[in-house]
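Q: The structure under discussion is supplied below as structure tokens; questions concerning it will follow.
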Amino acid sequence: MAFNDLLKQVGGVGRFQLIQVTMVVAPLLLMASHNTLQNFTAAIPPHHCRPPANANLSKDGGLEAWLPLDKQGQPESCLRFTSPQWGPPFYNGTEANGTRVTEPCIDGWVYDNSTFPSTIVTEWNLVCSHRAFRQLAQSLYMVGVLLGAMVFGYLADRLGRRKVLILNYLQTAVSGTCAAYAPNYTVYCVFRLLSGMSLASIAINCMTLNVEWMPIHTRAYVGTLIGYVYSLGQFLLAGIAYAVPHWRHLQLVVSVPFFIAFIYSWFFIESARWYSSSGRLDLTLRALQRVARINGKQEEGAKLSIEVLRTSLQKELTLSKGQASAMELLRCPTLRHLFLCLSMLWFATSFAYYGLVMDLQGFGVSMYLIQVIFGAVDLPAKFVCFLVINSMGRRPAQMASLLLAGICILVNGIIPKSHTIIRTSLAVLGKGCLASSFNCIFLYTGELYPTVIRQTGLGMGSTMARVGSIVSPLVSMTAEFYPSMPLFIFGAVPVVASAVTALLPETLGQPLPDTVQDLKSRSRGKQNQQQQEQQKQMMPLQASTQEKNGL
């Protein structure tokens, strides 16, 4: 009897699974909001230099007298004239037509607050010579996500999924709330980094805790559900940001609910699979019997005992001798192969995804509308991905989503910018494919790595995704040399990654591996199967040769 048989004995997919999956997945609605929050909290409204304090606009000829025009005929955002360009002579003897000498906005800026009444940009003047600080805030958030994936992924394998999730909910709630009350830019960035750390871990542990409590045939459903919840979170952000335009209030609205998640997370049941992998049979038995009671299978749960578990889970008990370390990903050839291939998939997906998302302003429409469109395309894309995952397997779904995304982006690079509708449609289609790739890779990675190092593997994969999101803005700078160069790079990487997917094994209908030995056995099994097929193909040829020799 394997662990999957024990799950069936205590109810399979019952009341417990429905309750816990719902409670674990619910906070992901707001996780999506945090990931793209700065699209609204750090929005840049139209702005221009503030005229000198002693300026008299009625005498100088109006505001236009102080504002030079850019190449598009719009007022400059970061420069003003040193003196008005028409009107009576100025105090320094300037003629009516002015000197046309410009200077930076030494008296500050005037912002158009009609759409965004308050953002971190307007509050701390993150424009012009300070505009890099706006991107720095988002980069630091991504650094936090990177650190969280590594640190908490490791801790979850050591301490358990439940304990780390409880800590993450509290950290997200506290750091997000503190960011809303940040007195200055530096404090804001510190708390955003802490939020990024905890949110990365929530995403990873949410998938793992749910998958480890589900039978084999339902794991794809859970992965797809999590993907849909994330997409719905993008819709939610558009609505919340529209209703709560002040950045501090918006930051609070998406952070405070994590206090609720922190409270009810104490009722989560730790993964019995993790307990058994840690050699804690007493806790494994307690967890399974508790699940059996919730699922109405109390009699079946009563049949379980320490001896039954010891007999049934001999393989899992071998893990109690010691957990695998992160270095095992590089030491063991089997794990190293998985690590390198999956790292490429994670990097390519995130790299291309953020390459598209960071160009949202190029659509020239309302940011709220863009948020809705990019959330809407995920729904049909992930549904198609779900069908492929369940019918054809994880590997074809992963390969197709990356390949189609890369093709859409590459084609976009050769279409003239005047064809706005075509370019926008391709970008939306490419984004949908990349969203499907994210949906698939979370499930695929969790099924490929053994229990002993599953969280560490997911954490390292998420780390590579964050590296991709950090590198992506740097690639966008190549547009200065050739406008379509970023699109060619963003498209080529997922195409190459789709080919790498062919080097990974299929996991459809396979039990979750618990040890590295399971991976080796799976690999040897496939090699033996291939050899048997080759022998079957050779037998008719050998028989034909013997007949000819007999003649």
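Easy rule for this one: first residue shown is 1, then count along the chain.
Backbone N, Cα and C atoms are what each Cβ position is placed from, and that goes for glycine too.
Sharing the feature lines straight out of Swiss-Prot:
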type	residues	note
COMPBIAS	526-537	compositional bias 'Low complexity'
COMPBIAS	542-551	compositional bias 'Polar residues'
CARBOHYD	N39	N-linked glycosylation site
CARBOHYD	N56	N-linked glycosylation site
CARBOHYD	N92	N-linked glycosylation site
CARBOHYD	N113	N-linked glycosylation site
REGION	514-551	region 'Disordered'
TOPO_DOM	1-9	topological domain 'Cytoplasmic'
TOPO_DOM	31-135	topological domain 'Extracellular'
TOPO_DOM	157-164	topological domain 'Cytoplasmic'
TOPO_DOM	188-195	topological domain 'Extracellular'
TOPO_DOM	217-224	topological domain 'Cytoplasmic'
TOPO_DOM	270-337	topological domain 'Cytoplasmic'
TOPO_DOM	359-368	topological domain 'Extracellular'
TOPO_DOM	390-395	topological domain 'Cytoplasmic'
TOPO_DOM	417-425	topological domain 'Extracellular'
TOPO_DOM	447-484	topological domain 'Cytoplasmic'
TOPO_DOM	506-551	topological domain 'Extracellular'
TRANSMEM	10-30	transmembrane segment
TRANSMEM	136-156	transmembrane segment
TRANSMEM	165-187	transmembrane segment
TRANSMEM	196-216	transmembrane segment
TRANSMEM	225-245	transmembrane segment
TRANSMEM	249-269	transmembrane segment
TRANSMEM	338-358	transmembrane segment
TRANSMEM	369-389	transmembrane segment
TRANSMEM	396-416	transmembrane segment
TRANSMEM	426-446	transmembrane segment
TRANSMEM	485-505	transmembrane segment
Q: Out of N39, N113, give me whichever of these glycosylation sites has the highest number of other Cβ atoms within 10 Å.
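A: That would be N39, with the highest Cβ count within 10 Å.
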Q: Which sequence positions outside the topological domain 'Extracellular' (188-195), separated from its termini by at least 6 residues, show Cβ-Cβ distances below 8 Å to it?
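A: Answer is 34, 120, 136-137, 140-141, 143-144, 147, 171-172, 175-176, 178-179, 182, 255.
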Q: With pairs closer than 6 in sequence left out, are the transmembrane segment (426-446) and the transmembrane segment (369-389) joined by 3 or more CB pairs under 8 Å?
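A: When sequence-distant Cβ pairs are counted, the transmembrane segment (426-446) touches the transmembrane segment (369-389), since at least 3 lie under 8 Å.
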Q: Can you tell me which recorded stretch out of 136-156, 225-245, 485-505 has the most Cβ pairs within less than 8 Å of the transmembrane segment (338-358)?
A: 485-505
Q: Below 8 angstroms Cβ to Cβ, which residues of this chain, lying six or more residues outside the transmembrane segment (426-446), approach it?
A: 203, 207-208, 211, 219-220, 222-224, 226-227, 231, 342, 345-346, 349-350, 352-353, 356-357, 359, 373-374, 377-378, 380-382, 384-386, 389, 394-395, 397-398, 401-402, 404-405, 408-409, 411-412, 415, 454, 457-458, 461, 494, 504, 507, 512
Q: Within the same chain, where does the transmembrane segment (225-245) have neighbours whose Cβ lies under 8 angstroms from its own Cβ atoms, ignoring anything closer than 6 residues to its ends? I mean 6 or more beyond.
A: 21, 25-26, 28-33, 36-37, 40, 115-118, 206-207, 210, 253-254, 368, 371-372, 374-376, 378-379, 382, 385, 435-436, 438-439, 442
Q: I need the CA-to-CA distance for N39 (N-linked glycosylation site) versus N113 (N-linked glycosylation site), whole Å please.
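A: Just about 16 Å between their Cα atoms.
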Q: Taking DSSP states H, G and I as helix and E and B as strand, how many residues of the topological domain 'Cytoplasmic' (157-164) are helix, strand and coil?
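A: Helix/strand/coil tally for the topological domain 'Cytoplasmic' (157-164): 7 helix, 0 strand, 1 coil.
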Q: DSSP-wise, what's the residue breakdown of the topological domain 'Extracellular' (188-195) into helix, strand and coil?
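A: Going through the topological domain 'Extracellular' (188-195) residue by residue, I get 8 helix, 0 strand, 0 coil.
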Q: Where else in the chain does the transmembrane segment (396-416) make close Cβ contacts, counting only residues six or more beyond its ends and a cut-off under 8 Å?
A: 345, 348-349, 352, 355-356, 385, 388-389, 422-423, 426-427, 429-431, 433-434, 436-437, 440-441, 444, 484, 487-488, 490-495, 497-498, 501-502, 504
Q: Using a Cβ-Cβ cut-off of under 8 Å, list the residues of the same chain that are 6+ residues beyond the ends of the topological domain 'Cytoplasmic' (217-224) and lie near it.
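A: Residues packing against the topological domain 'Cytoplasmic' (217-224) from afar: 13, 17, 21, 207, 210-211, 382-383, 385-386, 389-390, 439-440, 442-443, 447, 509.
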Q: Residues sitting near the topological domain 'Cytoplasmic' (157-164): Cβ under 8 Å, six or more positions beyond its termini, same chain?
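A: Same-chain residues near the topological domain 'Cytoplasmic' (157-164) but 6 or more away: 201, 205, 208-209, 212, 265, 268-271, 274-275, 278, 323, 452-456.
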Q: Would you identify the secondary structure of N39 (N-linked glycosylation site) according to DSSP, in three states?
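A: Reduced to three states, the DSSP call for N39 (N-linked glycosylation site) is helix.
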